[in-house]
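Per Swiss-Prot, the features are as follows:
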BINDING   HIS113, HIS117, ASP302  Fe cation binding site
BINDING   LEU135, VAL136, SER137, GLY138, GLY139, ASP169, GLY182, ASP186, ASN274  substrate binding site
Amino acid sequence: MIILAIESSCDETGVGIAELGDDGSVTLLADEVASSVDEHARFGGVVPEIASRAHLEALGPTMRRALATAGVDKPDVVAATIGPGLAGALLVGVAAAKAYAAAWQVPFYAVNHLGGHLAADVFDHGPLPESIGLLVSGGHTHLLHVRSLGEPIIELGSTVDDAAGEAYDKIARLLGLGYPGGRVLDELAREGDPKAITFPRGMTGPRDEPYAFSFSGLKTAVARYVESHPEASQADVAAGFQEAVADVLTAKAVRAAGDLGVSTLLIAGGVAANSRLRELAAQRCEAAGMTLRIPRPRLCTDNGAMIASFAAHLIAAGAAPSPLDAASDPGLPVVQGQVA
């Protein structure tokens, strides 16, 4: 079965094509992405209207490239990100997917963007066993229990304020690194000393929720430090901030795995491309005797391939197609894999 999927939840226009085998295997055939990030940079963040217009312009060419790369004329299924994400951006991708499904007379599947991030890893590491999922991106930070990609996902905890990726972007702007700041801040942090400045670790007290996160206090602490220490090394500030984020994320994820008796940790989402998060997670998983799975950096950011993968797993588990009147949901919860 050939599955074509469209991703348009934010500022990347993605079209992915995957093949679902009779044995349940999922093979990537094409992964084409067009980004409008440069159009948003001068505004210091994503502008929803610009994102929507960029999707309209990029979707056709991106679709043609994906079909050509995969050598496919017509898929057996069309899927699309139905949420969460920017309302206008979602509408563009969902409307296009429905139109393609109707024109090709094939089933339509409306699937969760966040589940797609988890499913992207399958292309690098094969079938996913029961796992603790740490999903970290610009808009989301969740700790999840993933029994399988075809079953409902259980949320163990999430951020009570800022997402980890949002904190990265805000600190990058504070340091004058521009937008998007995650990659640039990561590079700067590698030049600094993570022990030079110790920043607070939110939600780590004995009375705090063990699987919840908070990054607003860290963000404020960094801002106050920079204001009161104008002579401080930017690299040291970046390293100290990055260490605090990676420390909390990995500590809580490994703890959850131990509490639930799960031996695999999956880290997914845009922040999963961060070098220190990957490094510290590897160290802690090795110490705990756990298996760590993180997709290659390209598959950590938004793309259509991950949506194709998640749709494939839902189909393999027996999910019925979504109706063509299924509405996009900007606030779709992570526990709802599909809008049926």
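Cβ coordinates are placed from backbone N, Cα and C, and glycine is handled just like the others.
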Around the Fe cation site recorded as HIS113, HIS117, ASP302, what other same-chain residues have a C-beta within 8 angstroms of the site's C-beta center?
GLU7, SER9, THR81, LEU114, GLY116, SER137, GLY269, ASN303, MET306, ILE307
Which residues, sitting 6 or more apart from ASN274 (substrate binding site) on the same chain, put a CB under 8 Å from its CB?
TYR168, GLY182, ASP186, GLN242, ALA246
If you measure HIS113 (Fe cation binding site) to SER137 (substrate binding site) at Cα, how many Å is it?
11
Site with most surrounding Cβ atoms, counting all protein chains shown within 10 Å, from the binding-site residues HIS113, HIS117
HIS117
Are there any residues in the same chain, six or more apart in sequence, whose C-beta is under 8 angstroms from the C-beta of ASP302 (Fe cation binding site), and if so which?
GLU7, SER9, CYS10, ASP11, GLU12, GLY14, VAL33, HIS113, GLY270
Looking only at LEU135, SER137, GLY139, GLY182, the binding-site residues on record, which one has the least crowded Cβ, with the fewest other Cβ atoms within 10 Å?
GLY139
